[in-house]
Amino acid sequence: MELQLARLTERIKGHLAKLRCFSSTLEGVTRLPFTAEARQAIDYLTEAMKQAGMTVRLDASGALIGRYEGQTAQTVVLCSHYDSVPHGGAFDGIAGVVCGLELVRELAAAGRRLPWSLEVVATNDEEGVRFGGGFFSSKAFLGLWQPAQLTAIHDGEGVSLAAAMRDFGLEPGQISQAAWDLTTIRCFIEIHCEQGPVLEQQQREIGIVSGIVGMRRYVISLQGRPDHAGTTPMTMRTDALALAARLISKVEDTALTYPEAVATVGFCDIRPNVVNTIAGQVVCNLDIRSRWEADIQAMEDDILGFIRKLARMRQAGCEVSRTLTVRPAELDRTLQGLLENSCRRRGYAFGYLPSGAGHDALQLATAVATAMVFVPSRGGRSHCPEEYSDSRHLAKAVLAVLDTLENLP
């Protein structure tokens, strides 16, 4: 057992060391969707999946799917994403893909076939940092995209999602072909770094995820008037940045009143953004998350009602568009129990916890039995170059999931 764990640990570590090089930046990992770096990751994973005994295809959303046939067509999906945030870490998403790959390699090396087929899926644009939404492939699996939507969505450079797909060799008009026949999916399991401090602080090796927060994201455009910073009296200004500052303070104050919720303004585009001109426009993003849908709705009403009223009082413009809506999800109790049984049998230190981050599992949990397994994040750090998870913990997650698959009812 220790030899198997050591072998898995070294293979996972080796994959991650190579994959971290597929980045457009030297500091951290920057691997945005439909880029040269994304293609490099796909090419590497394609070859690794083939060597592990899988047949491989790239679907219409840009998700890479490796299939290992079992005794029936019923399929267990092992999934995470291959894209990253700008200057992110080398573990977020991609570690889960590598874990699925190595689980299949273990089976293939032993010549074993489970009662169900396995698919290792590396999803595209889970993060949503380029086009402002997220969960691109997992939404495609559920048939939630129409070609017209792909033309209407643009990145910060004005490139449409449809154009980016075409440049990547994909056809937007075929996006419906990425939809899964959900009746063939036995379950969906995602291994992921925790991206928070809980497991490390509690000295746990494995986290069994009980549920995932819901989230809503918005683009808020505040329109003031760009006037001279020296000649316009304070009482005669329509300062879009001053409005944005009030909004940001309101977001923090509101979130602090909900114990299980968070809210963040993580991006602001200020125009004209020069020292001697009053800001004429600010476009910012708002992210609200909670395990409770009622709290999300109450926070939305409070925050957006506040900024709309303030904008009217100051004779400023205020436009709000919601770019993402995902309801909270409770994960499958049977799968959680099987994971717990494995951890107890193997002597792994484990605990239950909710996920405060969105994942592809959040989308799929609405349709199929879904589980998530977390491993500790050193210092609780993620979405930064300092992000790190121990490959030995990842290897233990692989073995816990393998036990779970072997004992599925």
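Every residue, even glycine, has its Cβ placed from backbone N, Cα and C.
As written in TrEMBL, here are the features:
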BINDING   HIS81, ASP92, HIS192  Zn(2+) 1 binding site
BINDING   ASP92, GLU127, HIS383  Zn(2+) 2 binding site
BINDING   ARG217, ASN276, ARG289  allantoate binding site
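Known features from TrEMBL, placed on the structure.
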residue	record	CB count, 10 Å
HIS81	Zn(2+) 1 binding site	29
ASP92	Zn(2+) 1 binding site	26
GLU127	Zn(2+) 2 binding site	24
HIS192	Zn(2+) 1 binding site	30
ARG217	allantoate binding site	22
ASN276	allantoate binding site	9
ARG289	allantoate binding site	25
HIS383	Zn(2+) 2 binding site	18
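Annotation note: ASN276 (allantoate binding site) sits in a coil segment as assigned by DSSP. Annotated pair HIS383 (Zn(2+) 2 binding site) and ASP92 (Zn(2+) 1 binding site), C-alpha to C-alpha distance, rounded: 7 Å.
Within 8 Å of the centroid of the Cβ atoms of ASP92, GLU127, HIS383, where the record puts Zn(2+) 2, the same chain has further Cβ atoms from SER84, VAL85, GLY88, GLY89, GLY93, VAL129, GLN195, SER382. In the three-state DSSP assignment, the secondary structure recorded for ARG289 (allantoate binding site) is strand. Among the binding-site residues HIS81, ASP92, GLU127, HIS192, the residue whose Cα lies closest in space to that of ARG217 (allantoate binding site) is GLU127. A strand conformation is recorded for HIS192 (Zn(2+) 1 binding site) in the three-state DSSP classification. Straight-line distance linking the Cα atoms of HIS192 (Zn(2+) 1 binding site) and ARG289 (allantoate binding site), rounded to a whole number, equals 19 Å. Between the alpha carbons (Cα) of ASN276 (allantoate binding site) and HIS81 (Zn(2+) 1 binding site) lies a span of roughly 44 Å. DSSP assigns HIS81 (Zn(2+) 1 binding site) to a strand.
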